[in-house]
Amino acid sequence: MAKAKHQKTSRDLEASLAADRTKVIESLNDSREIAPRLDRYVAALLQWQATTNLIAPSTIPELWSRHIADSLQLLRLAPDATRWVDLGSGGGFPGLVIACALADKPRAVVHLVESNLKKAAFLREAVRLTGASARVHAVRIEDFVDGFNEPVEIVTARALASLDNLLDKAYPLLKRGAQALFLKGQDVEGELTAASKYWTMDTELIPSITDAGGRIVRVVSAQRLVPPPSDG
Ligand SMILES: C[S@@+](CC[C@H](N)C(=O)[O-])C[C@H]1O[C@@H](n2cnc3c(N)ncnc32)[C@H](O)[C@@H]1O
């Protein structure tokens with residue numbers, strides 16, 4: 001009886017995933033190159049998810065719309081960018097998904113910065129399996145951004161920190177001319193108000209196409225008004 005229930009549950013999950021995949025793949029202009037890469041990525045993610053918490057388990061049935069489409073929407077906002085840095089990549093959102101989409105674009109690279117060694121190991125395996133245009137940096141963001149001197153056009157982050165904190169983390173890249181695309185939830189106005197106490201910013205709020213009420217914050221430029229509190 002318990003075994004039959006387990007089989008039904010796993011069949012239900014497979015059916016949900018397949019329906020969700022179809023919806024997302026059909027929404028793409030041309031999925032011929034990216035679909036096989038994303039399929040390999042999802043297979044690896046589900047395999048590693050059994051031992052490493054890469055995504056919230058409740059989101060697995062809608063993995064394609066909640067995570068993959070959520071990540072892919074950033075490409076429309078920077079269609080010509082080839083140099084990306086994704087901060088706190090976790091299981092690969094949005095950076096690895098973007099790197100799958102850019103795999104055939106000359107000179108494209110997405111730098112994935114993730115300090116958790118197990119997640120970084122997963123990202124390396126996913127890059128190997130998919131052929132994504134990505135490099136994995138298993139370091140803390142704070143240790144990565146200052147010494148990183150390759151060209152950067154776009155900095156991304158999702159589910160990492162408050163806007164004020166994200167600006168602090170990304171600032172060494174923003175001041176070199178990079179723009180930021182931060183995937184945010186519904187309370188982004190509150191975060192903008194809080195950040196504006198410390199920053200003067202040129203920002204744009206773009207509605208998310210996958211997360212009702214969610215917004216993408218495009219930071220065109222930012223300048224800190226008040227120095228961050230010192231540690232000592
Ligand atoms: C909540 S997860 C989000 C992961 C992914 N961006 C997503 O949307 O699914 C935040 C990730 O950022 C990583 N992280 C947090 N602080 C970091 C830091 N200072 N340097 C590097 N990685 C960090 C954590 O290890 C974790 O994997």
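Indices start at 1 and increase along the chain as displayed.
The backbone N, Cα and C atoms fix where each Cβ goes, glycine too.
Keep in mind that what you see is a predicted model, and the values were worked out from it rather than measured.
When R66, R124, R158, R176 are compared with the S-adenosyl-L-methionine site residues G88, F93, I141, E142 in TrEMBL, the one appearing in that site is R158.
The local packing around R158 (S-adenosyl-L-methionine binding site), expressed as other Cβ atoms within 10 Å of its Cβ over all shown chains, amounts to 21. Less than 8 angstroms from the CB of I141 (S-adenosyl-L-methionine binding site) sit L87, G88, V113, S115, K169, each of them six or more residues away in the same chain. Between the farthest pair of Cα atoms in the S-adenosyl-L-methionine binding residues (G88, F93, I141, E142, R158), the distance is 19 Å. Following the DSSP three-state reduction, the secondary structure of I141 (S-adenosyl-L-methionine binding site) is helix.
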